[in-house]
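In TrEMBL this protein carries:
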type     : residues               : note
TRANSMEM : 39-62                  : transmembrane segment
DOMAIN   : 116-301                : domain 'Aminopeptidase N-like N-terminal'
DOMAIN   : 338-561                : domain 'Peptidase M1 membrane alanine aminopeptidase'
BINDING  : His410, His414, Glu433 : Zn(2+) binding site
ACT_SITE : Glu411                 : active site, proton acceptor
SITE     : Tyr497                 : site 'Transition state stabilizer'
DOMAIN   : 648-968                : domain 'ERAP1-like C-terminal'
Amino acid sequence: MGIEDASMRNGRALSDQWADSVVVRPRTTEQHITVNKRLVLGFAISILTLIIVTAIAITLSVSFERCAAESSGALAANGSSNSKWKQSRNTNISYRDSEDGQQPWRHLRLPATLRPRHYDLRLSVYMENFTFSGEVHIEFECVHSTKLIVLHTDRLEVDKVLVYSDSKKAGVMRIQRRFHYQPKQVYVIALHREMKPLRTYKINITFHAHIEHELLGFFRSSYVLNGERRFLAVTQFSPTHARKAFPCFDEPIYKATFRVSLKHESSYQSLSNMPVEASMSDEDGWVTNHFSRTPRMSTYYLAWAVCNFTYREAVTDSGVVIRLYARPDAIQSGSGDYALHITKRLLQFYQDYFKVKYSLPKLDLLAVPKHPYAAMENWGLSVFVEQKILLDPDVSSFSYQMELTMVVVHEICHQWFGDLVTPVWWEDVWLKEGFAHYFEYIGTDFLFPKWNMEKQRFLTDVLHEVMLLDGLASSHPISQEVFEATDIDRVFDWIAYKKGAALIRMLANVMGQPLFQRGLNDYLMTHMYGNAARDDLWNKFSEAMQREGKDINITQVMDRWTLQMGYPVVTISKNDSLDNSVTISQEHFVYDTDAKIQNPELFNKSFQWQIPLTLAVGNSSHISTETIIWVSNKTETHRVGHMGGETWLLGNINQTGYFRVNYDLHNWRLLIQQLMTNSTIISVGNRAGLIDDVFNLARAGYLPQNVPLQMISYLSQETEFLPWHAASRALYQLDKLLDRTEDHSLFSVSLISDQFAVCCILTLTSAIRNTRLISSSTELQREVMMLACSFGNKHCHRQAVSLISDWISSNKNRIPPNVRDIVYCTGVSLMDEDVWEFIWMKFHSSTAISEKKVLLEALTCSDNIFLLNRLLNLSLTSDLVPDQDVIDVIIHVGRNPLGRHLAWRYFREKWDILNSRYGEALFMNSKLISGVTEFLNTEAELNELKEFILTSGGESAPAFARAVEIVQANVKWHILFQQQFYRWLRKAPDG
């Protein structure tokens, strides 16, 4: 029988001070003394009492002495080395510390003494008061002798704990003490006797908690249907929030199987990772759903939901049932049909590509009104925020459709990379996020080959974007050590997602698709239902290469890219000799070159990469076949094909490599001349890459400021979208640096041309005829129209005002979905307050998710400070604005030159509210910080930023460190280059 006396119950809420005093004590031998009870009963009781009191006093004295010694020794959190985790992959666990005299609950990682096998979780959900109660039975194996059970809990009230032994002496084990240690979010159970290795035990814990309003753990959300507010409850456990919903071993390595039961009112339905195995109804109007047992999986992929949604269904050829659950009105309107359709196709695509079957009998897609992220790839129950999965074909633009498609493609990829094979620890989170981000483009190309995602869109939307971030001195390696719990959220950043994707793409191009796919198949087959680290992936790729006679050590190559921050700039220079040789050098590219002087400890490392440089030689009529040169040293000399005086060199063909390329000035002039005379000799991808490289090299001081503008002067002849898109992004950054300077009109006027006017008119005319254009030429027209309207082209402004006026007068929106964001924003910025009120009214009344987002962002374009301030306040307090859109509103107001300082001031004033709302969702918090600060560019704003960081306690936040570096770079650019830049514009022929 279970023994749980009053002292144990009273000890379950021990303070930290009491927790400090608890140590693992050696078991003492029990002494049995037989006496004549009738003669000495009173005397014996007195002696026994004296002995007990003395023993307690001695024990407490020893405990506190040990505590003091340990405190002075400052026990550090126990981070695991790679070699130890290699051992953990063989045994699923490693024994990191001897427990004698230790306090393992103080460490970041759980002690490696126990390994969970199975959870039986039963929950009762009370939607009327947003609480839940539960009981979890955990079957676990003892790996090393221990008296301690340490597992995670957070915000749970533990009611009762029982521990059972399944050994020869089966039964309830006596609990000596139990307590919650909040600093590490763990619950500690100290047993009276040791658990023995290779034996199985069970723990039973009953608990209760609130269904939180915060969007983590088991949280609630709501929506309005037919004037009635309805509620739902759903989980978000990644990365460390399963512990908020049930006691568990909440680390990725501790995979187990799960059986979930959910009890709730019969007016609701419940979902989980697996199908319902049995359902039982009570007479009191409650129902209990018992779900099938899951495969082995990590705790953060477990999921459930309680809601009253409806669904649409599809079935794959292999029998997998796919359901999309959403609000009844969204399902009825068909808003989920598109995502359901592409999911069915994607499951088959990934099965064929990876040659590994999808593991579960069903896949549910759940669209919720609020979520801390775009989506979460829970195995068999993927959860999406509504904006990323519901699509109304009548009002959704092509860009919205593309973004939604890529989110779905990303999450379905995770069913293999993440769910089936999970990174050992958070330092390698890029192993799943980088792959899923890369396959956004591969999978979308499968669905829509004409979109040309991997060869074109990937360059501007992934490669160019992440190189901006990774070129900062405050960047970090893609594989970064995790020392504290707060570090775990920080690894989910664009470096993990976008740099991870860029490195995988580079490696896929080096290996070739057949070998790349073979390596992925071996990796998935070897580690399915388990965990893996980056070396496991590199080893499989190396083996695939070796089987084809290619002796490339992938580990040696890729460690340079994953364990070092940043990336190189490769400089290619022709030699004066007649042997057709070139000098190739590499160095760490950093925007702030002074950082190397200011922070010598960081940059005294010999940053060096093994670079797969592809190189071609060309002239006015021909370009050679590319050759690959492995660059491993700081400087190397290589012979290339025949080079004459007018021969130019082009490196990083199609931008498959993760690095920038610089040339001597003569070669730059030859490339610019080639673009002016016959740009098609150079591929579309390389034309976009040249534009991105030249602008960023100039910004970092590697090139004169006039070279980028000389290069884009050829754009009047450019007929492809991608180079325009690259130029648009570069010019946007430059415009935000200059938009509050006196001579800004000189810059904007220099970019306005008849090309803009003609293209603007063509865009609107052709778009009105066909509202669902998705061709490359339409994308080009939209890109040029956006530039024209942004830089004040009168033709664009007249068209936008005319369309808005027609909408208001006729109450019929004839504006094509593909250009609504441009037209709405332009109209709001040019027209009076009534137009702003009209757009605000339409935002309230619209039921289409995509249209609401476009309308809300248009409101940030106003030149009326009062209206912008009103919008900021309404977005933060109104339930109509989803949490993710609140961040977007603040960022977009900050991108408005008239609203920049307003958004910056509002951010500082509301920081406590914003941080409390998004603090644990650091990905959103970082997006907010960088978005509000990235275009601050005065000395006064830099000082305000530094002062705010000090007063708000944000010194340790990586997002703030990046913000300071970016603003410092903006200020420095003004000091060094602003006048030089304007002087060149005044001298330019068209200036």
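Each residue, glycine too, has its Cβ placed from N, Cα and C.
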C-beta crowding around His414 (Zn(2+) binding site), within 10 angstroms: 22
Local Cβ density at His410 (Zn(2+) binding site) - other Cβ atoms counted within 10 Å: 25
Integer Cα-Cα distance in angstrom, His414 (Zn(2+) binding site) to Tyr497 (site 'Transition state stabilizer'): 13
Integer mean pLDDT for the domain 'ERAP1-like C-terminal' (648-968): 87
Distant-in-sequence Cβ neighbours of Glu433 (Zn(2+) binding site), under 8 Å, six or more positions away: Phe492, Ala496, Tyr497, Gly500
Number of other Cβ atoms within 10 Å of the Cβ of Tyr497 (site 'Transition state stabilizer') across all protein chains: 23
For the Zn(2+) site built from His410, His414, Glu433, further residues of that chain with CB within 8 A of the site's CB center: Glu377, Glu411, Cys413, Phe417, Gly418, Lys432, Phe435, Ala436, His437, Phe439, Tyr497
For the residue listed as 'active site, proton acceptor', the number of other Cβ atoms found within 10 Å of its own Cβ: 26
